[in-house]
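Asker: Not my notes, these are from Swiss-Prot:
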{"type": "BINDING", "residues": "R48", "note": "NADP(+) binding site"}
{"type": "BINDING", "residues": "R125, S126, S127, N241, A242, G285, K300, P301, T302, S303, S304, R326", "note": "FMN binding site"}
Amino acid sequence: MSFNTFGHLFRVTTWGESHGPALGATVDGCPPGVPITEEALQVWLDKRKPGQNKFTTQRREPDAVEILSGVFEGQSTGSPIQLMIRNADQRSKDYGDIAEKFRPGHADITYWQKYGIRDYRGGGRSSARETAARVAAGGVARAALGALVPDLRITGYMTQMGPHGIDRARFDWEQIDQNPFWTPDAAAAEDWAAYLDGLRKAGSSVGAVIEVTARGVPVGLGAPIYAKLDTDLAAAMMSINAVKAVEIGEGMAAASLTGEANADEIFMGGDGPEYSSNHAGGILGGISTGQDVVVRFAVKPTSSILTTRQTITKSGAPAEIITKGRHDPCVGIRAVPVAEAMMACVLLDHLLLHRGQVGDGPRGAIG
């Protein structure tokens, strides 16, 4: 199985399975001298780890990260950073009934058809458990970004659960960390709690929309055509489990606008060019404008539900299946820190590419 690595100069390779002894990431390309500690990385992993409330899977994993290489006396050395997270709460017996069956909506059938072998215990490599390694790697990227671009801030949040969206008029950055859904709308969080609790008790699930905003992004990240910043951001988000659609800025809604409505008009401000709006999501021609970079994606409902469904076995015989085990009723909740991590990795990668090509700062002066 190939394609376990992403990135150009800042490269991340993840490894491990849901029910294996451990999983982790090898991070190559982190600049030397970046302050990195296990404690600092753990902050981000704690945001993602399961079992923290009734709205996420009750699998109890400490998700304690171990730095095995690439860091000396609290600083990166420039060599590959090996990160490991041991699995502690596997319950493989829950999956014995599906060893010969394919779960609808999961990667079971495509993995089997492509490779002729699959780890049915929790999905193996296709499990969202793999994203713990991404969050650890994202912590490294955040540390490097913090050293290179101190004012850059990456924040993910949920804007929709099932058919229920937030009220943008109530958007409050301070609310995001105050509820289990990472939403900026406190009233929506209360409504979603009752809604999701009902689905959880019924053994069902629901999808969600997640938005990630990076504030303080320098001008000039990305390149035309095949190295667009939005190309890599879209690919990064689409690689997250259960993601089925990605938008940049106004996204699909831009198709219903006129040219006048969609135009981000440009004015000269005291510190340089300013824009009347941000329909472009902070990226023009694949290159960052200095505005907020805004990415949005949709995740499908968790496929592991307690409803009896029709499927087939490896031999092609019809069968019924109920997915046992411990699962998230809304994977969008824990997708938030994963999306933040992927955004951090892509932005650092493009910052390093930009500095390597043109040096620090934009080349074309205005004013």
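Placement of Cβ uses the backbone N, Cα and C atoms for every residue, glycine included.
Surface or core, plus neighbours and distances: that's what I need for these features.
Answerer: R48 (NADP(+) binding site) carries a helical DSSP state (H, G or I).
The Cβ of T302 (FMN binding site) has S205, A242, H327, D328, P329, C330, V331 as same-chain neighbours under 8 Å, each 6 or more residues away in sequence. Under the three-state DSSP scheme, T302 (FMN binding site) falls in the coil class.
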Asker: How many other Cβ atoms are found within 10 Å of the Cβ atom of K300 (FMN binding site), counting all protein chains shown?
Answerer: 17
Asker: DSSP three-state call for R125 (FMN binding site): helix, strand or coil?
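Answerer: SS state of R125 (FMN binding site) = helix.
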Asker: Roughly how many Å separate the Cα of S304 (FMN binding site) from that of R48 (NADP(+) binding site), to the nearest whole number?
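Answerer: Cα to Cα, S304 (FMN binding site) and R48 (NADP(+) binding site) are separated by 19 Å.
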Asker: Using a 10 Å radius around each Cβ and all protein chains in view, which of these binding-site residues has the most neighbours: S127, S304?
Answerer: S304
Asker: If I take the Cα of R48 (NADP(+) binding site) as reference, which of the binding-site residues R125, S127, K300 has the closest Cα?
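Answerer: Result: the closest of the binding-site residues to R48 (NADP(+) binding site) is S127.
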Asker: Using a 10 Å cut-off on CB atoms, tell me which of the binding-site residues R48, R125 is the least crowded.
Answerer: R125
